[in-house]
Amino acid sequence: MRIRYGWELALAALLVIEIVAFGAINPRMLDLNMLLFSTSDFICIGIVALPLTMVIVSGGIDISFGSTIGLCAIALGVLFQSGVPMPLAILLTLLLGALCGLINAGLIIYTKVNPLVITLGTLYLFAGSALLLSGMAGATGYEGIGGFPMAFTDFANLDVLGLPVPLIIFLICLLVFWLWLHKTHAGRNVFLIGQSPRVAVYSAIPVNRTLCALYAMTGLASAVAAVLLVSYFGSARSDLGASFLMPAITAVVLGGANIYGGSGSIIGTAIAVLLVGYLQQGLQMAGVPNQVSSALSGALLIVVVVGRSVSLHRQQIKEWLARRANNPLP
């Protein structure tokens, strides 16, 4: 195994230590079935975090995916409520997710405005659209739209060969996005765009087309997450993705992505998703209040960002310390 997987190995070791530590507090944490099936509570965050990694590698950001999930979820409910067959409703929901991503990409490309500002705007646009649809359908905030076929609501709660379906879909997404980013020419273009967009343009790399693909994949993954969440909870609500933003970005940064673009790892993000997810699960099983666990997740994000920054600039830090040692302050 090449040395470039060192960060991923460190994350994997940290994941094992985390599980063992929580297992010492609550032995249920060491039960394999509990570990596998508890992923259904957070693995949709990972499905979105994987393409989000590629967006961040390209030097962009998308903070609207939580609202995209809510919009796609309520759209699925409205379509079903209107009599659209379930397979067609799911297909249209997936197309809606991809369209949301393309809207983000189009606005970023043609306005030249910072992606953070654009996706902050579309976050409110998609969230407002979801609330509008929900109100038109007569759905309440907590109950949402229900009455889905049992075959659909059972889907996200099934298991195949002992693995829950949401985890299997996450693993399929992991394989697809890893192959695309790390093993294709288009994936290498993403790294080049993140390192220097101007050089990428002069190198005849299709920057705009690549960005459209990245944001569309994030929107599509958001729609997949929405379908799984509606199936899992049996209800389509506009707030289903509202809490996904911080854990997803934490997983991407913890997984090794440079927030300024140019580097990142799909496998690292996948391991980090499990790390963050099991952290929340372990804290809950240890009886820690949700407010405290959320604060710890925020602290983890800060520590990771600072740690990665120190790691990226360690040579400059060493030189600065050497200068201070040679020229101490009077």
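Keep in mind that glycine also has a Cβ here, set from the backbone N, Cα and C atoms.
Marked as topological domain 'Cytoplasmic' by Swiss-Prot: 1-4, 64-67, 110-115, 181-209, 307-330. The feature topological domain 'Periplasmic' is assigned by Swiss-Prot to 26-42, 137-159, 231-237, 280-285, with sequence analysis given as support. The feature transmembrane segment is assigned by Swiss-Prot to 5-25, 43-63, 68-88, 89-109, 116-136, 160-180, 210-230, 238-258, 259-279, 286-306, with sequence analysis given as support.
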May I have the DSSP-based helix, strand and coil counts for the residues of the topological domain 'Periplasmic' (231-237)?
3 helix, 1 strand, 3 coil
Run the contact check on the transmembrane segment (210-230) against the transmembrane segment (89-109): 3 or more C-beta pairs under 8 Å, excluding pairs closer than 6 in sequence.
yes
So if I exclude everything within five residues of the ends of the topological domain 'Cytoplasmic' (181-209), which remaining residues of that chain have a CB under 8 angstroms from its CBs? That is, six or more out.
53-54, 56-59, 109, 258, 260-263, 266
Six or more residues beyond either end and a Cβ under 8 Å away: which residues meet both conditions relative to the transmembrane segment (238-258)?
7-8, 11, 42, 44-46, 48-49, 52-53, 56-57, 63, 65-71, 73-74, 127, 130-131, 133-134, 139, 141, 144, 194, 222, 225-226, 229-230, 264-273, 275-277, 280, 294, 297-298, 300-301, 304-305, 308, 312
Count, for each of 5-25, 116-136, 286-306, the Cβ pairs lying under 8 Å from the transmembrane segment (68-88), and report the range with the highest count.
116-136
Please work out the mean pLDDT for the residues of the topological domain 'Periplasmic' (231-237).
88
Under DSSP, the topological domain 'Periplasmic' (137-159) has how many residues in helix, strand and coil?
6 helix, 2 strand, 15 coil
Take the transmembrane segment (5-25) and find every residue of the same chain, 6 or more past its ends, with a Cβ under 8 Å from one of its Cβ atoms.
35, 254-256, 265, 267-268, 271-272, 274-275, 278-279, 281-282, 285-286
Sequence-remote contacts (6 or more beyond its ends) of the topological domain 'Periplasmic' (280-285), Cβ cut-off under 8 Å?
18-19, 21-22, 25-26, 28-29, 38, 41-42, 247, 292-293, 296-297
Where else in the chain does the transmembrane segment (89-109) make close Cβ contacts, counting only residues six or more beyond its ends and a cut-off under 8 Å?
60, 62, 64, 68, 71-72, 75-76, 79-80, 115, 118-119, 121-122, 126, 208, 211-212, 214-224, 226-227
